[in-house]
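What TrEMBL annotates here:
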DOMAIN    1-85  domain 'Ig-like'
DOMAIN    91-177  domain 'Ig-like'
DOMAIN    195-279  domain 'Ig-like'
DOMAIN    284-360  domain 'Ig-like'
DOMAIN    366-453  domain 'Ig-like'
DOMAIN    458-552  domain 'Ig-like'
DOMAIN    559-657  domain 'Fibronectin type-III'
DOMAIN    745-837  domain 'Fibronectin type-III'
Amino acid sequence: MVCSHFNCILNIVSMNCRARGVPAPTYKWQRNNWDIDIKTAKEHHSMVGGNLEINNPEKSRDEGKYVCLAYNVHGTIRSREASLNFGYLYPFTPEERHAVKVREGVGAVLLCDPPPHYPDDLSYRWVLNDFPEFITLDKRRYVSQTNGNLYIAKVEASDKGNYSCFVTSNSITKSVFSSFIPLIPQADRSKGYLPDIRVSFKETYALLGQNVTLECFALGNPVPEIRWNKYLEPMPSSAEVSMSGAVLKIYNIQFEDEGTYECEAENHRGKDKHSAKVYVQAYPEWVEHINDTERDIGSEFHWPCVAAGKPLPTMRWLKNGIPYWKGDLRFSSLKKEDEGMYQCVAENIHGMIYSNAELKVLVLAPTFEFSPMKREVLAAKGGQAIIECKPRAAPRPKLIWSRGTEIIRNSTRIRIWYDGSLEIINVTAADAGNYTCFVENNKGKANSTTTLLTTAATKIVLAPTNVDVTVGWNATMQCLAEHDRSLDLTFIWLLNGYPIDIDKDNEHYERAIMIKNNGELIVKNAQLRHAGRYTCVAQSIVDNATASADLVVRGPPGPPGGLKVEDIRNTSVVLTWSRGTDNHSPISNYTIQSRNFLSEYWKDAKTDPPVVDGNVESAKVIDLIPWMEYEFRIMATNILGKGDPSMPSQKIRTEGSSFFSCPLPREYHFGNNFGYVVAFKPFDQVVWKKVIVPQPDTGRYVHKDESMIPASKYQVKVKAFNNKGEGPFSLTAIIYSADDAPVERPRNVKVRVRSSTEASVSWQHILSPAITGYEIRYWPSRGREIEANKVQVSSQNFSVRLENLKPDTHYYADVAAFNFAGVGPPSNRLAFITEKAPPRQRPRIISSVRSGSKYIITWDHVKSQSNESTVKGYKVLYRPDGQFNGTLFSTGKHYIEVPAPVKGQYVVEVRVHSEGGDGEVAQVKIPGSLSLNPVVFGFFLTLLLNMHGKHL
């Protein structure tokens with residue numbers, strides 16, 4: 001809180017403190033760690049409830065850090081600190097300021113030099129000649145809100161006058177003027193000069209969610225244009241440029257907005273550039289806070305308390321308002337004196353947060369009142385029986401089991417567990433009877449009895465057997481069971497360990513329910529996804545029996561993978577791939593298909609040899625069109641049919657070639673004396689020139705005329721003729737007369753590294769109709785340029801993504817334009833280094849806790865190794881179990897809240913996000929049918945500390 005002398009004199013400062021507890025808490029306040037004695041300073045201090053009021057506050061007496069303490073018989077808790085400061089803004093010194101003389105056309109800076117003040121939240125304006133004639137800011141004039149100086153990029157004659165810096169303190173609503181500074185433009189006008197950035201931003205640390213302002217202004221003639229960008233990354237969506245380009249404001253800044261920001265000032269005489277890093281950090285926030293807890297005396301206890309923040313917060317503990325421990329809090333053996341009010345404090349350079357809870361250490365005689373033993377327990381013969389004995393007692397009681405008058409001890413068939421439970425294995429009819437649990441500690445004794453009843457065991461008498469079917473056929477998985485007739489029997493089927501929802505998937509599953517004790521399952525219209533291990537579970541409320549068998553579904557092959565195009569020639573390429581699944585039937589052959597921009601449909605491609613055998617993983621595709629962009633896909637075939645196609649290959653362009661004929665086939669000549677009429681004319685003329693081409697087998701015509709202008713636009717059309725007459729003209733095509741290969745290099749080529757295996761290259765268009773496209777070359781710096789990888793794109797593109805790069809590798813890249821005559825000169829070579837590979841370590845999920853209608857998933861922070869990319873955050877996929885699509889979240893925290901599933905099981909996948917890409921997946925499954933009821937303990941105390949005008 002900031003108090004001005006004016007605001008606080010004859011006023012009251014109020015600091016609010018509220019707490020809840022039984023009995024009601026008492027309050028006291030401290031200033032600078034000293035108790036405030038309310039009784040001896042009644043005129044100056046007073047308390048209403050827990051609120052502290054200061055009458056007529058004074059800087060020398062009241063400035064400092066205040067803390068509220070609330071206490072009752074259960075203990076004491078301490079609020080976080082609140083600061084009371086007194087704001088001030090002194091007047092400017094009255095000394096006369098020197099005149100500033102500057103040539104017209106040259107820049108000028110008028111210094112504000114604000115007087116001493118507190119806090120540092122000043123705003124600045126400048127007055128010209130008379131108040132309140134404030135100067136108007138534009139591209140030429142700017143007032144920095146960092147130091148208050150007035151910057152004029154280019155002084156003009158109209159700028160002559162007397163200037164005063166007007167300073168306002170927003171906290172104490174006070175303003176002061178400086179003495180006037182005369183500005184005298186000189187008539188000796190400057191002809192112009194380079195941009196000179198005078199207002200620049202420093203390395204900036206921002207808190208998550210804050211608004212960040214960066215300033216950049218340059219002197220120069222002509223007045224420079226200011227441009228902003230983020231180095232190698234797009235600008236944040238919340239970024240806004242104002243003040244004629246001098247101010248960049250990033251609203252609600254996020255972790256992904258961290259990076260290097262650049263401002264560039266440019267006029268026709270040159271450029272000036274400035275850059276600095278913006279770091280995004282975060283105030284501490286709870287991942288897991290402490291709650292009121294009861295524990296037995298003498299027991300071990302770890303009290304987890306986890307916070308996130310940037311930098312990562314340190315943890316410390318208070319007990320009854322006094323410093324107690326740093327780091328993890330663990331008790332090896334609780335004592336009664338460990339009881340009290342505890343506060344977990346998470347703190348980093350940006351602040352601290354408190355979590356308050358009471359620890360009760362229980363001491364009581366054994367009792368079964370809160371957890372009585374069951375009157376009867378059922379167990380199947382030959383199975384297992386567990387009788388629980390869990391009285392409430394502290395310290396932990398000694399425990400003895402008896403059957404009648406016989407004391408029970410551990411044996412090969414009977415075991416007493418640490419938690420008091422009695423386990424009997426290989427149960428027989430003779431085990432039936434009454435079992436009593438006796439417990440005793442130093443506070444008293446108690447006992448309770450349970451009757452054990454035995455039943456016949458459940459058995460599967462007709463187990464499922466392995467079945468082999470073809471896609472589309474039905475399969476029957478048999479299952480018949482015997483069980484105790486006094487109990488109900490149900491059947492559940494599992495596929496690869498997961499329950500089958502027969503009602504939901506009734507299109508493919510059906511249960512035979514006509515015969516008693518029969519759990520037969522029919523798989524209808526079996527598909528490849530239905531193959532796997534089927535388990536029949538016959539269960540009663542006492543026991544269950546299982547039996548498993550495999551269902552093999554044979555079908556067409558799966559799609560091949562890893563399709564690559566190699567050895568690109570003018571009419572052929574070589575394809576390589578990896579085999580897909582054969583789905584239990586050998587692959588007999590492959591079909592290769594291609595498509596180009598002439599058609600959107602896939603067509604079977606010719607290969608050499610014509611039949612691609614099912615045992616090979618490469619093939620040569622022939623009879624392609626030169627200088628044509630293609631993509632390919634491949635399908636595998638077996639005796640059960642043709643499988644799904646692979647993913648399309650990357651688009652490639654075949655190499656160029658001399659012209660070759662593509663005449664009409666003979667079956668379309670329709671008569672003798674067959675030939676062609678070729679008509680053409682310049683695009684802007686009317687008269688068509690016609691040429692007869694009598695050769696029926698030719699498919700091209702070359703017209704030579706030295707008067708033709710290179711790269712000129714022409715219209716061309718062709719029609720056929722025979723001895724019966726002429727056919728119709730074709731559609732008119734637009735072509736260009738021959739030209740040399742491009743001579744211009746692409747400009748403004750940039751490389752942006754996207755991950756450890758991807759980068760994007762962009763460039764500025766070359767404005768020439770003779771350009772067909774662009775060729776991008778890239779190769780490792782340790783490799784040979786002659787072996788560079790090449791990617792070609794059409795002239796409509798100005799960027800391309802390079803894929804399958806090696807992590808942490810130095811590459812070179814360049815861009816060249818091409819046309820039918822060849823490839824032009826390349827751009828300047830650019831060097832770039834791919835990011836390090838993403839961390840291989842999976843996030844270790846440490847807890848999955850339901851809280852009301854949400855689940856809180858928490859994981860350990862992943863630390864990257866020296867050869868791995870720095871962790872930037874985490875991606876979390878929330879999806880239904882068995883499906884691949886879901887909701888994707890991004891977070892910089894080590895936890896996330898997701899909705900609790902209403903129905904069915906969900907999977908939460910967590911992976912690291914880094915500059916090198918995404919890491920390995922860790923996952924946890926959360927059920928939709930479970931609920932968690934919070935336990936409410938005796939003493940609940942929360943503390944809320946407010947200050948007048950500010951929440952702390």
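Using N, Cα and C of the backbone, Cβ positions are placed for all residues, glycine too.
Secondary structure of the domain 'Fibronectin type-III' (745-837) per DSSP (helix as H, G, I; strand as E, B; remaining residues coil): 3 helix, 48 strand, 42 coil. Scored on C-beta pairs under 8 angstroms, the neighbour of the domain 'Ig-like' (195-279) with the top count among 1-85, 366-453, 559-657, 745-837 is 745-837. By the Cβ criterion (distance under 8 Å, sequence gap of 6 or more), the domain 'Ig-like' (284-360) is counted as touching the domain 'Ig-like' (366-453), at least 3 such pairs being found. The domain 'Ig-like' (458-552) is in contact with the domain 'Fibronectin type-III' (559-657), judged by 3+ CB-CB distances under 8 Å for residue pairs 6 or more apart in sequence.
Touching of the domain 'Fibronectin type-III' (559-657) and the domain 'Fibronectin type-III' (745-837) is concluded from the presence of at least three CB pairs under 8 A, sequence neighbours closer than 6 excluded.
Helix, strand and coil content of the domain 'Ig-like' (458-552), in residues and according to DSSP, is 3 helix, 46 strand, 46 coil.
Per-residue pLDDT, averaged along the domain 'Ig-like' (91-177), amounts to 89 for this model. For the domain 'Ig-like' (91-177), DSSP puts the residue distribution at 3 helix, 36 strand, 48 coil.
Taking DSSP states H, G and I as helix and E and B as strand, the domain 'Ig-like' (366-453) has 3 helix, 49 strand, 36 coil.
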